[in-house]
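Take a look at the structure set out below.
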Amino acid sequence: MEVCNCIEPQWPADELLMKYQYISDFFIAIAYFSIPLELIYFVKKSAVFPYRWVLVQFGAFIVLCGATHLINLWTFTTHSRTVALVMTTAKVLTAVVSCATALMLVHIIPDLLSVKTRELFLKNKAAELDREMGLIRTQEETGRHVRMLTHEIRSTLDRHTILKTTLVELGRTLALEECALWMPTRTGLELQLSYTLRHQHPVEYTVPIQLPVINQVFGTSRAVKISPNSPVARLRPVSGKYMLGEVVAVRVPLLHLSNFQINDWPELSTKRYALMVLMLPSDSARQWHVHELELVEVVADQVAVALSHAAILEESMRARDLLMEQNVALDLARREAETAIRARNDFLAVMNHEMRTPMHAIIALSSLLQETELTPEQRLMVETILKSSNLLATLMNDVLDLSRLEDGSLQLELGTFNLHTLFREVLNLIKPIAVVKKLPITLNLAPDLPEFVVGDEKRLMQIILNIVGNAVKFSKQGSISVTALVTKSDTRAADFFVVPTGSHFYLRVKVKDSGAGINPQDIPKIFTKFAQTQSLATRSSGGSGLGLAISKRFVNLMEGNIWIESDGLGKGCTAIFDVKLGISERSNESKQSGIPKVPAIPRHSNFTGLKVLVMDENGVSRMVTKGLLVHLGCEVTTVSSNEECLRVVSHEHKVVFMDVCMPGVENYQIALRIHEKFTKQRHQRPLLVALSGNTDKSTKEKCMSFGLDGVLLKPVSLDNIRDVLSDLLEPRVLYEGM
C-alpha cells in the first residue's frame, strides 16, 4: 500500500458548491490582478500624484489577495503539503501588507478628506468668480448701452432732437412701455409734460413742483422707484391693465449757464431739474435691476451735459445771427459814410473851384491895383482887400486839408530843407503883427539842433505858424518865446515814447506866451475842430477854430505828439509839440540846393513881347489872368475850350496857361495832344502850366503824368505869376504851392 503525503479536505465535497467557489475564486483573482494594472496605468498617465508608495502597498495587498484566492483553487480537493505551505505563506504576506497598508491609511485619510474640503472651497470660489464675471458682463453691457446712448445723444446739438433721441433709445434698450420728460416752466413753480415716447405731440399738462414724490426724486441723484399711480407716472390709460409696470424717476440737472440767456429756458437763479419718468411693461413680472437703474442715472447725467452744450450752441448761433445783422448794419453805415465822405469831398472840390474863381479875380485885381499910383487911403483899402482875400484862401486850404486828413488821402511830401532858415522865415512872417501889438518875439535854437533835415517843410511851417500865430493873436501884452531843440525822453507824455535812431530824430518846439491863458478844463477842447473856448477867445479874435485841429493831425501824421500847458486864466500858456524828422545825408552842395527859393542867378523880370496862350472856361478868370500877364508885358491870347486851344496854339506861343479844373479829363488830355502836335518840333513846343484850385497831391501827380511843366494854384497874384514865368524861363519845371 502506497503512502500519500496529502491533506484531506475539511468537509465533504459537494460537487455543485465546489464548482461555484472554484469559479468565484478564479474571477476574484482575475479582478485582484487587473486592479493593480489599472492603477499603474493611470498613475503613469497622471503628471502629479502625491501618494505613490501608498499605491504600491495597496497594489501589493491586492495582488497578494488575488494570489491567495488563486492558490485557494487547489485547496478544494486533495492537495499536497506544498500547496498548503504556499497558501500559508501567501496569507502571511497578505496579512503583513494589509496591516502596513492599514497603518499608512491612518495618515493618508485626513489628507484625502482635506482634498475634498479644498474641492468645496474651489467650487465656492468658482461660483463667486462666476457671479463676478456676470457682474462684469452686466457692467460691460451697461457701459455699452451708455456709450451707444451717449453717441446717439451727442450726435446732434439740437435740444429737441437730444431729448427725443434719449427717450427713443432708452425705450428700445430697456424695452419700456413708456418714457417721458417733465420740464420746469419759466417760473419754475410747475413741471410740464414736454416729451413722451409713444406720443409725438403729448398733451401739455402740468403738475406742481412741490409734490412729495417730486421732492423725493429731486433730493437725490439716484433713480427712485415711484408709485405707478403718482401724478407724474400717469402717462398712459390704465383701463384693462391687470398689473401696472414698475416706474422709476430720475432728475436731469439743468446746468447753470451764467454767460448765456436761453429762450424757453427756466430762470436758473436757483438750481433747477427736469424729471425723467420710465415705466416697465404692464401685466408682466419684470422688475428693475440694479444695472438698469445705473444706466438710467448715467444717461440722465449725459442728457444734462448734452442739453448744456445745445443751449450754448443755440445762444452762440443767436449771437452769430445778431452779429451778422450788426455787421450788415455796420457795412451799410460804412457805405453810407463813404458815400457821405465822397459827397462831402465832391462838394468841397466844387466849392473850392467855384470860390477860388472869384477870389482869383479879387486877389489878381488887388495885386494889379497895388502896382498903380494910389493915395495912402486907397492903398490901405487895397491891402485890406488883399489880406482878407488871402485869409479866406487860407481858410479854404485849412478846410480842404482837414478833409483830406480825416479821410486819410493827405500824404506828407518829404524833402531836404534848412530847419534853421524855416524858423527864421516863420518869425519874419509873424513879426509885423507882433510889432503892431508891441509883443517881442525871441527865437532859441539849441546848439545840437541839425541844420538840414528831411521832412515836409510846408506842413511843418504851417504847424509852427498856427501855434505862433495863436500866441500872438491871444496875447495883448508880455512876450513870446519860440524854442527848438532835440527831444529827449519826457514823462509828461506817457502815451508817447521817443525812440531816436541814426537816421532820424524828434524835434521839440515850445511856444510860450504871457497871454490870456486857458482854463484847465478847456484844454481837451482846444484841438477840436471849429471849437473856441470862451476862456480862449471870442469871435472878435478871428479865426476858424481849425488851426490847432489841423496842426494836431499834421503832428500825428509826422509820428509826433502835441499838448498845451497852462496854469489858468491870465497866466499864459505853453504849446509843445514833437515831430519826427529825418537826418539829411546830402553833401553840403546838395544841402544848399534844399534852401527854399533863394535865387543864385538873376531871375527873368522883363516879359515884354512874350506870347502867352490862356485857356479858361470862366470868362472872369480868363480876363483876370490876361490882365496880370498884360501888366507884365506879355502878348496874351485867350481861348475858352480845349478844341479852340488845340487849334490856336502854335510855336509862337512860349507858355500856355490852362485851367485843369474844367469838367472831364479832356483838360489833361489836351496836354498830350499838344505834345503830339509838336512831336517833330519838340524844341518849339510851348511850356504848359496848369491853373488849378485843387491842393491835393493827386493833382500834381496827374499833371506830371500828362506832361505839364508846372502847376499854379489859384487864386493867383501878380507876384505868383511873375515868379512862375521867371522859373519856367530859366528854364526848370515848377510845381508851385503843391
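Any Cβ shown, glycine's included, is placed from N, Cα and C.
Record features (Swiss-Prot):
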- ASN470, ALA471, VAL472, LYS473, ASP513, LYS529, SER544, LEU548: ADP binding site (BINDING)
- LYS714: ubiquitin cross-link (CROSSLNK)
- 350-585: domain 'Histidine kinase' (DOMAIN)
- 611-729: domain 'Response regulatory' (DOMAIN)
- 23-43: transmembrane segment (TRANSMEM)
- 53-73: transmembrane segment (TRANSMEM)
- 92-112: transmembrane segment (TRANSMEM)
#### Entry: Per-residue pLDDT averaged over the domain 'Response regulatory' (611-729), given as an integer
82
#### Entry: Long-range environment of the transmembrane segment (23-43) - Cβ separation under 8 angstroms, sequence gap at least 6
49, 52, 55, 58-59, 62-63, 65-67, 69-70, 72-73
### Query
List, by number or range, the same-chain residues at least 6 past the transmembrane segment (53-73) whose CB is under 8 A from its CB atoms?
22, 25-26, 28-33, 35-36, 39-40, 43, 83, 86-87, 90-91, 93-94, 97-98, 100-101, 104-105, 108
### Query
Looking only at Cβ atoms, how many others are within 10 Å of the one on LEU548 (ADP binding site)?
24
### Query
Per DSSP, ASP513 (ADP binding site) is which: helix, strand or coil?
strand
### Query
In the structure shown, which of the binding-site residues ALA471, VAL472 has the fewest other Cβ atoms within 10 Å?
VAL472
### Query
If you count Cβ atoms within 10 Å of each one, which of the recorded positions LYS473, LYS714 comes out on top?
LYS714
### Query
Mind checking how the domain 'Response regulatory' (611-729) divides into helix, strand and coil residues in DSSP?
55 helix, 25 strand, 39 coil
### Query
Roughly how many Å separate the Cα of ASN470 (ADP binding site) from that of LYS714 (ubiquitin cross-link), to the nearest whole number?
26
#### Entry: Pairwise CA distance, LYS714 (ubiquitin cross-link) versus LEU548 (ADP binding site), rounded so that it is a whole Å
25
### Query
Where does ALA471 (ADP binding site) sit in DSSP terms: helix, strand, or coil?
helix
### Task
Quick one: give me the count of other CB atoms within 10 A of the CB of ASP513 (ADP binding site).
26
